[in-house]
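Per Swiss-Prot, the feature transmembrane segment maps to 21-41, 73-93, 94-114, 132-152, 168-188, 199-219, 236-256, 263-283, 288-308, 338-358; the stated evidence is sequence analysis.
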Amino acid sequence: MIIWLAELLQPYFSFFRLFEYLSFRAILSVLTALGLSLWMGPRLIKRLQLLQIGQVVRNEGPESHFSKRGTPTMGGVMILAAISITILLWANLSNPYVWAVLAVLMGYGAVGFVDDYRKVVRKNTDGLIARWKYFWQSAIALVVAFALYAYGKDTAATQLVVPFFKDVMPQLGLMYIVLTYFVIVGTSNAVNLTDGLDGLAIMPTVLVAAGFAVIAWATGNVNFSQYLHIPYLPHASELVVVCTAIVGAGLGFLWFNTYPAQVFMGDVGSLALGGALGTIAVLVRQELVLVIMGGVFVMETLSVILQVGSYKLRGQRIFRMAPIHHHYELKGWPEPRVIVRFWIISMVLVLIGLATLKVR
């Protein structure tokens, strides 16, 4: 929005030329999203407390979590509002990639909102029925996948970039739709599974978004994309503003979500953020790098799959409790130790993911 206004005013005020620079808008994006989150946080927390919208804690969970019962939840509304407002302000709204991410962010946010509403307002601990949750997640992902395929059919936008290999970029064809579906839905649910401790999900989300900001910038720059042997996608550079909005909003939320948390993001936040990360990975053609940079999310998801599979096949559990962060809690690790160590792992994995751009 601002970029359109700047274009109109440039002939009269040279200052507005600054808004042409992606780096300048990226900085403003971080600061705007951060400021909005910090401003909305206390007000939203107070409102949630008045409405008695508090976290539901299952009795079979770790005993240390019982004290979290009643902590305000659905704080993801604040994150989504900060991200959306920031994107509308600082991004180039004629860019289709921006709207693709916004569509998934708000669509998955709506699914998460209904799920949270049923849990905390209707007092239904199961929330939205699983089949309906997956139906709407799938519907949104497929609509976006078909739209992106139609837009970039048989171009670099539908190639698969394989890390560590310079010239291995097969054209996916219709398999692009299948891959896009699984990346968006899978990442959304992986972040949702990770969101079990104070700040555990939001910091890796911030780190991965920051990593994708770098990748989006390189992918959208003709010189750097050629130098790094990755597809040149001119629309991708605008995703830098989207990624930095996620970083700013996430850091602002972490201010209130750090241990001991004053508010939880709920499914409205985790499903939406995961879906947005998956969409960004698809748009910059780095789905496999997402597996590396989002390794904490992958680890949490695999722990659940292995736990369920082992119990059904052998009648035995691999972990004391899944997702795996609960396993370490039950081993006696204090919650802050689990959280910070997972953050460190995430930071290392993001750096490894960025290194794949050069190591080919």
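Glycine is treated like the rest: Cβ placed from N, Cα and C.
The stretches the transmembrane segment (73-93) and the transmembrane segment (132-152) are not in mutual contact, being linked by fewer than three Cβ pairs under 8 Å (pairs 6 or more apart in sequence). Here the listed stretches are 21-41, 94-114, 132-152, 288-308, 338-358, and the one with the most C-beta pairs under 8 angstroms to the transmembrane segment (199-219) is 338-358. Ranked by Cβ pairs under 8 Å to the transmembrane segment (21-41), the stretches 94-114, 168-188, 236-256 are led by 236-256.
When Cβ-Cβ distances below 8 Å are used as the criterion, the transmembrane segment (288-308) is approached by residues 160-163, 183, 186-187, 189-191, 193-194, 204, 207-208, 211-212, 215, 274, 277-278, 281, 317-319, 322-325, 327, 342, 345-346, 349-350, 352-354, 356 of the same chain, each at least six residues removed from its ends.
Highlighted: of the candidate stretches 168-188, 236-256, 338-358, 236-256 has the greatest count of Cβ pairs under 8 Å to the transmembrane segment (94-114).
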